[in-house]
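If you check TrEMBL, you get these features:
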COMPBIAS  334-347  compositional bias 'Basic and acidic residues'
COMPBIAS  352-365  compositional bias 'Polar residues'
REGION    334-365  region 'Disordered'
TRANSMEM  45-63  transmembrane segment
TRANSMEM  83-105  transmembrane segment
TRANSMEM  112-134  transmembrane segment
TRANSMEM  140-163  transmembrane segment
TRANSMEM  175-195  transmembrane segment
TRANSMEM  207-229  transmembrane segment
TRANSMEM  241-260  transmembrane segment
TRANSMEM  306-326  transmembrane segment
Amino acid sequence: MQTYLLSQQFNTRSLAENSTACPANATICNGTSCVLPEDNFNETLSIILSTVLTVMLALVMFSMGCNVELKKFWGHVKRPWGIFVGFLCQFGIMPLTAFLLSLAFNVLPIQAVVVLIMGCCPGGTASNVIAYWVDGDMDLSISMTTCSTLLAMGMMPLCLFVYTKMWTDSNAIVLPYDSIGISLVALIIPVSFGMYVNHRWPSKAKIILKIGSIVGAILIVLIAVVGGILYKGSWIISPKLWYIGTIFPAAGYSLGFFLARVAGLSWNRCRTVSLETGMQNTQLCSTIVQLSFTPEQLEVMFTFPLIYSIFQLLFALLILGGYRVYRRHRVKQKTDVEKTEEKEDSKSTSSHAKTNGGFISNDTK
């Protein structure tokens, strides 16, 4: 009997120890070995993020369509030299630059893919705002953004297929063209609908455009915050991506301006093409990446669109500041020249009057 009681006490003590060793939510507990229920929090949050990104991106692109006037857009299509130069920059210079930077810094295959996705994205809507402040050709800016968005349906998959072959041929990574295609189709529909709304209800389109600009800014912040929660190690990445994220937009702005000038475009159009080349649709890149890759892959690639966003905006502000300083100096210089010419004219008139014994009018005193 005593032996039985000791055994029972021992079993009770063992169960107590086991119960404290295992978490409260364990479904099976045997000694120190516990089976926990699967934690679906991250998976659920990832699905929510993907859905929200898609909806907000559609709203941003819808607002962009509301900024397009069909008559002006069609006018640029009929005289397409400016749009053609922009096309060469957007789907020629940017993907090639992304490829060369990936090779030069020898990044991981999955990181090279996200750099290339960014390089193949169409122009961003923020370029239209900056183009306005640097006295660019607004009609050309809006037309280039719209055309690059529409042409991305075919050009983006084509450029990715060409430039990622060295990584995809070795089976190091598989590109999800179906997800990319779905994301691009999701762009075309709201842009087209926005153009229709602007054509039918111009006053309402202006309100939608303002809302879309605010949503675009919120979208970037949302991606950064939720992405940081989902992929905790995503900001602890190789410095190589930071270097690429710094060089890439600067190269886009510079090469876009150079090519536009070589093509014989006017200075204001050169500034426009430069901004359209360097400012990419980073929201689209983030959405494609979120929809297309696994959480493990996102850990090392998710932050690159955000890094690019930071530096493309920083360089755009530097361009804006530099242009404003140049414009103020030029206007001041022009004003000084005009004042000097007026004084010289006044002196010559006065001298002529004295020589000829004439009179001096009140205007020249």
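For all residues, glycine too, the Cβ spot is worked out from N, Cα and C.
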Are the transmembrane segment (45-63) and the transmembrane segment (241-260) close, by which I mean at least 3 Cβ pairs under 8 Å that are 6+ residues apart in sequence?
no
So are the transmembrane segment (241-260) and the transmembrane segment (112-134) touching or not, going by 3+ C-beta pairs under 8 A with a sequence gap of 6 or more?
yes
Considering only the recorded stretches 83-105, 112-134, 140-163, state which has the highest number of Cβ pairs under 8 Å to the transmembrane segment (175-195).
140-163
